[in-house]
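Novice: Sharing a structure with you now.
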């Protein structure tokens with residue numbers, strides 16, 4: 001998932017993995033807190 005900010009990652013991470021936390025790293029989302 002490409003991104004410019006961490007806020008863009010929260011919904012995709014919840015939908016794809018169910019993880020509540022997300023960070024935008026190197027223009028891609030990293031999901032964690034699963």
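Numbers run from 1 along the shown chain.
Just so you know, glycine gets a Cβ as well, placed from its N, Cα and C.
So Swiss-Prot has the following annotated:
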| type | residues | note |
| --- | --- | --- |
| DISULFID | 3-24 | disulfide bond |
| DISULFID | 9-29 | disulfide bond |
| DISULFID | 13-31 | disulfide bond |
| DISULFID | 19-34 | disulfide bond |
| MOD_RES | 34 | cysteine amide |
Novice: If you measure from the Cα of residue 24 (disulfide bond), which of the disulfide-bonded residues 9, 13, 34 is the nearest?
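Specialist: The smallest Cα gap between residue 24 (disulfide bond) and any of the disulfide-bonded residues is with 9.
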Novice: Since the record lists 3, 19, 29, 31, 34 as disulfide-bonded residues, which of them has the fewest other Cβ atoms within 10 Å of its Cβ?
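Specialist: Each of the disulfide-bonded residues 3, 19, 29, 31, 34 was scored by Cβ atoms within 10 Å; lowest is 34.
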Novice: Enumerate same-chain residues with a sequence separation of six or more from residue 9 (disulfide bond) and a Cβ-Cβ distance below 8 A; give 'none' if the list is empty.
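Specialist: Listed in sequence order: 1, 3, 22, 23, 24, 29, 30, 31.
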Novice: For each of 13, 24, count the other CB atoms within 10 A of its CB; which of these disulfide-bonded residues has the top count?
Specialist: 13
Novice: Measure from the CA atom of residue 13 (disulfide bond) to the CA atom of residue 19 (disulfide bond) and give the result in Å, rounded to a whole number.
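Specialist: Residue 13 (disulfide bond) has its Cα 6 Å from the Cα of residue 19 (disulfide bond).
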Novice: About how far apart, in whole Å, are the alpha carbons (Cα) of residue 34 (disulfide bond) and residue 13 (disulfide bond)?
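Specialist: That comes out at 10 Å between the alpha carbons.
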Novice: According to DSSP, collapsed to three classes, what secondary structure does residue 31 (disulfide bond) have?
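Specialist: Assignment for residue 31 (disulfide bond) reads strand.
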